[in-house]
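Undergrad: First the structure, then my questions, so here it is.
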Amino acid sequence: MLDTIESYIKSHKEKENLYVKKNVSIIGSPLAAGQPLGGVQLACDDLRKLGLHNVIDVLGWKYEDIGNIDNGDNEMKQEKKTNNYINNNDNNNDNNNDNNNDNNNNCYIPNGVIKEKKHDLSNNKMNGYVNHNFYGNYEENNVISTNDKYKNNCYYDNIRNIKEIGIFSKNLFDTMSNELRKKNFVLNIGGDHGVAFSSILSSLQMYQNLRVIWIDAHGDINIPETSPSGNYHGMTLAHTLGLFKKKVPYFEWSENLTYLKPENTAIIGIRDIDAYEKIILKKCNINYYTIFDIEKNGIYNTICTALEKIDPNSNCPIHISLDIDSVDNVFAPGTGTVAKGGLNYREINLLMKILAETKRVVSMDLVEYNPSLDEVDKKVHGDSLPILDNATKTGKLCLELIARVLGYDIV
């Protein structure tokens with residue numbers, strides 16, 4: 001009997017993560033500027049309060065809590081005096097009118113940069129909605145072309161709160177890069193999904209063969225030309241893939257970084273996709289699996305197929321970007337962008353378990369949990385993790401999913 005136990009312990013140790021030590025770096029990313037709802041910035045501290053540290057500890061992992069990323073308020077106040085961007089449309093109150101001439105390109109220009117006269121797809125926007133003629137312009141102008149970023153000196157000006165997001169993202173990138181160098185598993189807790197740009201790019205600079213599993217109800221793959229809202233959390237994946245055609249104010253720090261490749265990415269569980277996102281998904285060669293694919297083939301077959309597709313040799317490090325709205329709102333009501341028919345409790349837990357069993361997960365985002373929208377849950381007999389008895393439903397699920405990635409299992 002003793003030999004059997006020792007053999008089990010030995011085999012278990014041999015299956016430890018191939019890339020990181022058994023040490024978690026916790027980073028709180030309380031960014032809410034990428035979407036319109038308040039409350040999502042509270043998630044980091046809420047999960048700490050509900051028992052995050054105890055959950056990690058009981059699973060045998062050490063942890064370092066780095067605290068929350070500075071939201072950049074001080075830097076933003078200082079930059080008001082030295083802001084180097086000017087909006088060329090300040091003197092034009094009708095900059096969304098399709099009848100404007102070519103000189104109105106809806107973009108920021110840094111001082112000293114000469115503005116090019118060229119067709120700009122953002123002129124196809126009218127009153128916040130994309131003109132139907134965009135379909136023709138989309139193909140004609142080859143909007144979706146990876147590794148073609150920043151090819152001109154024109155700047156986007158239709159991304160909401162981009163100054164706050166850009167400054168925050170630089171702070172997160174620097175902090176996460178430092179933690180990755182320690183060979184720790186890095187847990188990045190949002191905040192909205194806009195925080196994934198910095199977390200993925202920092203992981204990608206550390207692990208150049210990184211693969212990404214993006215779990216979400218939404219594609220988050222709009223580009224500024226197609227976004228109906230201008231909210232950055234709906235464009236984050238496109239930005240991370242290098243699909244933007246112009247420069248982004250306050251993201252100059254990222255221009256020379258290695259960007260994610262679509263073929264190294266799999267989106268799991270999408271079910272609420274904007275019209276132009278459908279075109280982008282099909283055109284950019286990314287791997288995606290809708291909720292119908294999961295219903296038809298099962299979550300096990302779906303994630304195994306996705307892993308085979310993006311990592312056929314099963315030897316690459318993995319980053320998980322988990323948007324909690326991928327889960328059906330029956331199980332995860334505490335999120336701002338709810339869509340019916342999401343992953344159920346067993347599916348999302350099994351998905352995390354399968355990814356954990358690869359022993360190659362090096363970093364993870366958990367985003368879009370909004371405690372202010374959550375519901376109190378009831379403790380049941382199977383709740384064995386050290387989570388507060390009065391924990392909310394989505395908060396408890398978030399901690400359970402983190403635990404799954406760290407190896408929490410039934411037996």
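Here, residue 1 is simply the first one shown, and the rest follow in order.
Glycine is no exception: its Cβ is also placed from the backbone N, Cα and C atoms.
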Undergrad: Please state which member of His193, His239 Swiss-Prot lists alongside Asp216, Asp220, Asp323 for binding Mn(2+) 1.
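TA: Of the residues offered, the record points to His193.
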Undergrad: Quick check: of Asp174, Asp274, Asp293, which does Swiss-Prot put in the same L-arginine site as Asn222, Ser229?
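TA: Answer, per Swiss-Prot (L-arginine site with Asn222, Ser229), from Asp174, Asp274, Asp293: Asp274.
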Undergrad: In the three-state scheme derived from DSSP, which category covers Asp323 (Mn(2+) 1 binding site)?
TA: strand
Undergrad: Using all protein chains shown, find which of the binding-site residues Asn222, Ser229 scores highest when you count other CB atoms within 10 A of its CB.
TA: Asn222
Undergrad: Among all protein chains shown, how many Cβ atoms are found within 10 Å of the Cβ of Asp216 (Mn(2+) 1 binding site), not counting that one?
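TA: So the Cβ neighbour count for Asp216 (Mn(2+) 1 binding site) comes to 28.
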Undergrad: Using DSSP, would you call Asp216 (Mn(2+) 1 binding site) helix, strand or coil?
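TA: SS state of Asp216 (Mn(2+) 1 binding site) = coil.
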